[in-house]
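Chemist: Taken from Swiss-Prot, the feature active site, nucleophile applies to CYS141, supported by sequence analysis. Per Swiss-Prot, NAD(+) binding site is recorded for SER11, ILE12, GLY111, ARG169, GLN303. Among the features that Swiss-Prot reports, D-glyceraldehyde 3-phosphate binding site is placed at SER140, CYS141, ASN142, HIS195, GLY196.
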Amino acid sequence: MVGVLVNGYGSIGKRVADAVAKQDDMKVIGVTKTKPDFEARMAVTKGYKLFAAIPEKKHLFEEANIPIEGTIEDIIEDADIVVDGAPKKIGKANVENVYKKHNVKAIIQGGEKAKDAEDSFNSLWSYNRCYGKDYIRLVSCNTTGLCRTLYAIDSITDILKARVVLVRRAADPNDIKTGPINAIIPDPVTVPSHHGPDVVSVIPKLDGKIMTSAIIVPTTLMHMHSLMVETTGVTKDAVLDAIEKTPRIIKVKASEGIDSTAKIIEYSRDLGRLRYDLNEIAIWEESINVVDNEIYLMQAIHQESDVIPENIDCIRAMLEMEEDNIKSIEKTNRALGLLK
């Protein structure tokens, strides 16, 4: 059983820790925090060994009466791999200043740039490329969702051009500092947005074939994508079948009352999901259409959780624990209780 250190027990880190803890071939050897907040206290309550991410701040945890095992320097060399959950730009610095120094493999998250790691990971597309590598970037929630859907489409036809409009949530539910509250913001105002090139970092054959634009709207629950994908030839039934066969994608029906991101979140709550996480992306079945070989569909992405199962598969790939990506996906899905 391999040992995983989660460096940064925040929005992504705490979910990764819980996901690792559910696997039978890996374990959490520790988690880190930069400050003694409620998440640090919760980590200890849940049984995780807590370490100070910044050694000079260890005393703050002691002063706050939060049990602390030491600093990251005391645990990192016991780790087979580190999952970095730090804010963007910090992950890159951690690779250069911490992980390479201690000769430990690491996964950084999608806030970093593709050039900051050896490759970009998605369980369906780049598992084999990342097999045995030392420093891998796990792409963002939006890119992860797009890669899954484009995988389904690519399995049945050739993609000539993909156009995507991303409607992004303004902030996570616990974020009181980010907006907007009463505006719609082109972000970026230029086209393409960074999402297209990010998809290409995972799927090189789509270079020159994907165009994305993005806006931010005042909601916290989920992102939404509208896809228009030109193909060499396809039917609606074939698209429906491909989506059904692709892991970590579910179809939802507006006709059954799931007609908004709010209803998708309510559905996730009713599934009994911790933190109402929906690791699967949700495609509205009624939105799927094919006109003149061009596929149209709309999908929703739970930005806090869709990348979590990918982190687990990435651990297996980098540590050469399972050669077959589909077997890893199925193993992860079973452990996490995913729908498919």
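Even glycines carry a Cβ here, placed using N, Cα and C.
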Chemist: Quick check: which same-chain residues outside SER11, ILE12, GLY111, ARG169, GLN303 lie with their CB within 8 A of the centre of the NAD(+) site CB atoms?
Modeler: SER140, CYS141, ASP172, GLU304
Chemist: Taking 8 Å from the centroid of the Cβ atoms of SER140, CYS141, ASN142, HIS195, GLY196 as the cut-off, which other residues in that chain fall inside it around the D-glyceraldehyde 3-phosphate site?
Modeler: GLY110, VAL139, THR143, THR144, GLY145, LEU146, LEU166, SER193, HIS194, ASP198, VAL199, THR212
Chemist: If you pair up every Cα among SER140, CYS141, ASN142, HIS195, GLY196, the residues annotated as binding D-glyceraldehyde 3-phosphate, what's the maximum separation in angstrom, rounded to an integer?
Modeler: 13
Chemist: If you measure from the CA of GLN303 (NAD(+) binding site) out to 10 Å, which binding-site residues from the list SER140, HIS195, GLY196 are inside that radius?
Modeler: SER140
Chemist: Going by a 10 angstroms cut-off between Cβ atoms, which of the binding-site residues SER11, ASN142, GLN303 has the sparsest surroundings?
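Modeler: Output over binding-site residues SER11, ASN142, GLN303: least Cβ neighbours within 10 Å is SER11.
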Chemist: Taking the residues the record says bind NAD(+) (SER11, ILE12, GLY111, ARG169, GLN303), how far apart in Å are the two Cα atoms that sit farthest from each other?
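Modeler: Binding-site diameter by Cα atoms for NAD(+): 16 Å.
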Chemist: Write down the Cα-Cα distance for HIS195 (D-glyceraldehyde 3-phosphate binding site) and GLY111 (NAD(+) binding site), rounded and given in Å.
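Modeler: HIS195 (D-glyceraldehyde 3-phosphate binding site) has its Cα 11 Å from the Cα of GLY111 (NAD(+) binding site).
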Chemist: Any idea what the Cα distance is from ASN142 (D-glyceraldehyde 3-phosphate binding site) over to ARG169 (NAD(+) binding site), rounded to a whole Å?
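Modeler: Cα to Cα, ASN142 (D-glyceraldehyde 3-phosphate binding site) and ARG169 (NAD(+) binding site) are separated by 11 Å.
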Chemist: Could you give the Cα-Cα distance between CYS141 (active site, nucleophile) and SER11 (NAD(+) binding site), in whole Å?
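Modeler: With distance taken Cα to Cα, SER11 (NAD(+) binding site) is 12 Å from CYS141 (active site, nucleophile).
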Chemist: Three-state secondary structure of ILE12 (NAD(+) binding site) from DSSP?
Modeler: helix
Chemist: Could you round the CA separation between HIS195 (D-glyceraldehyde 3-phosphate binding site) and ARG169 (NAD(+) binding site) to a whole angstrom and send it over?
Modeler: 15
